[in-house]
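Participant: Please see the structure below; I have some questions.
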C-alpha cells in the first residue's frame, strides 16, 4: 500500500519515499555510535518528554471518552435505538487505534527506528490502515442510514432492526479489511543507513503509485464524496419540507407523520388505514384553544419536544390507539370532564356518542391518548433531526482532521515534495479525531449528555433516560 522510508510509518498510511531524508541524518537514520554506544535519538530529551506526555493524554482521553460512549448506548434507554450500534462500533475502532496503534507510532517517532520486530510491523501497519478505513466507512454507512430513514421513513424503519444494523456493521469491517489486507502481500524489510554502518530496523510497505492513489481513493476520498452528496440531499429534503406548509405536503412529507398517516382535508386528523402496516393510523392532535389543525401543546413531560421515554430514533411503528392505563377509572372520568370542548374552540360541539365525520367516536381519554402519542412522535422527530445534525458534525470534523493528510500523501505519490515535519503534523492531527467524537456527542446531543452525567455522577439515583 504505502511505503515508508522513514524508520516506520507513524500510522495508517506510511510516509512516501519522497519524504526520505538523506542518509546519515540522525533524525531518521540513527545508528549505533562507534564503540557500541547508544543510538542517536531524533529529538532532545525535553521534546521527547513533551511528545510522550501529549500522546499519552491523547490515548487516555480517547479510551476514556469512547468507553463512556459504549456504556451510555448500552445503559441509557434514550440511546438504545438500533442505529446507535454504529456509534458503538465506531467508538470501538477509536479505542483500538488508541491502544494498538498510537503507542507504537509514538515509540517509533521518539526512538527513530522500529524496535518491535518484523511480525508486529506487519500487524501494526495492517491494523493502522484497518482502523482508519473502518472509521470513515462507518461514517459513510451512518450517512446512508440517515438518508434512508428520511426518504423511506415507513419501509426502512420497519426494517431497521438490531440484526440488520449488525449485519451492516460486519460488512463495514469486511470492506475495511479488504482495503487494508493487500499491503501485507508486498511488505519488505530493508536496511537503512549507508556505508559500513549497522543496519537500522525498518518496516516498508508497498509504495507503487497506483496502489497509493487507489488506496487513498478507496479509504478516504470516495467515502467522503458519498457522505457529502448524501448530506447535501438530506439538507435539500429538509429545506423543501420546511418551506411547504403541512396542508400542501405530498406523500413524502406524509411519511413523516405518525405511521405515515395523511392529514384529512378538514385538518382535524389523519384518515385511518392510510400508510399503515398491520395497524390503524393514529389520530393527530387538534388544537382545542387555538388555530384549527395545529397540534396541541405538549405537556410538562414533553417539554422542549423531548419524550424521555422513547429512544432517540426508535422504531416508527406505533401501538394501536386505545385508552391509556393511567386514564382508567375515576381519574379518567375527571380528565374527560376537564377536557370537554368549550365555546369558541376549533372543534364543533357534538352530542354524546356522536361520531365525527369520517372517524369513529372516541372518548375524551382516547382523544387525549392520541394527543400524547402525537406529542411523543414530535419528540421522536425532533430527536431524529438533532441526531442527523450531530452526525453531520462528526463527519465534518473527521474530514477536517484527515483531509490534510490524505491530500498531502496523494501529492507525494505524484512526485510533489512535502516537508517531513508538516507531513507528520498532519498525520498526528488525524489521530486526534479518535478522541473528538465523545466531545461532539456531549456538546450537541442532550441524550448523551444526560447519560454521561449519570455514568460519572453515580450519586444521582435518577433513572437514565
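Any Cβ shown, glycine's included, is placed from N, Cα and C.
Annotations per Swiss-Prot:
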- 25: N-linked glycosylation site (CARBOHYD)
- 29: N-linked glycosylation site (CARBOHYD)
- 49-74: transmembrane segment (TRANSMEM)
- 75-85: topological domain 'Cytoplasmic' (TOPO_DOM)
- 86-111: transmembrane segment (TRANSMEM)
- 121-203: disulfide bond (DISULFID)
- 122-144: transmembrane segment (TRANSMEM)
- 128: site 'Implicated in ligand binding' (SITE)
- 145-164: topological domain 'Cytoplasmic' (TOPO_DOM)
- 165-188: transmembrane segment (TRANSMEM)
- 208-232: transmembrane segment (TRANSMEM)
- 233-389: topological domain 'Cytoplasmic' (TOPO_DOM)
- 346: phosphoserine (MOD_RES)
- 390-414: transmembrane segment (TRANSMEM)
- 425-445: transmembrane segment (TRANSMEM)
- 446-465: topological domain 'Cytoplasmic' (TOPO_DOM)
- 457: S-palmitoyl cysteine (LIPID)
Participant: Can you say which of 49-74, 122-144, 208-232, 390-414 has the most Cβ pairs under 8 Å with the transmembrane segment (425-445)?
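Facilitator: Comparing 49-74, 122-144, 208-232, 390-414: 390-414 has the most Cβ pairs near the transmembrane segment (425-445).
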Participant: Where does residue 457 (S-palmitoyl cysteine) sit by DSSP, helix, strand or coil?
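Facilitator: It is coil.
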Participant: Let me know how many other Cβ atoms fall within 10 Å of the Cβ of residue 128 (site 'Implicated in ligand binding').
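Facilitator: Result for residue 128 (site 'Implicated in ligand binding'): 26 other Cβ atoms within 10 Å.
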Participant: I'd like to know which of these recorded positions, 121, 457, is least surrounded, judged by other CB atoms within 10 A.
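Facilitator: Per-residue Cβ counts within 10 Å for the recorded positions 121, 457 bottom out at 457.
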Participant: If you measure residue 128 (site 'Implicated in ligand binding') to residue 457 (S-palmitoyl cysteine) at Cα, how many Å is it?
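Facilitator: With the alpha carbons as reference points, the distance is 35 Å.
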Participant: Count up the helix, strand and coil residues in the topological domain 'Cytoplasmic' (145-164) according to DSSP, in that order.
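Facilitator: Residue counts in helix, strand and coil order: 17 helix, 0 strand, 3 coil.
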Participant: On the DSSP side of things, how many residues of the topological domain 'Cytoplasmic' (75-85) fall into helix, strand and coil, could you say?
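Facilitator: So the topological domain 'Cytoplasmic' (75-85) is made up of 8 helix, 0 strand, 3 coil.
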Participant: Provide the three-state secondary structure of residue 121 (disulfide bond) computed with DSSP.
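Facilitator: Where residue 121 (disulfide bond) sits, the three-state DSSP reduction gives helix.
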Participant: Between residue 121 (disulfide bond) and residue 457 (S-palmitoyl cysteine), find the distance joining the two CA atoms and give it rounded to the nearest Å.
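Facilitator: Cα-Cα, rounded: 42 Å.
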Participant: Reduced to three states, what secondary structure does DSSP give residue 128 (site 'Implicated in ligand binding')?
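Facilitator: Its secondary structure by DSSP: helix.
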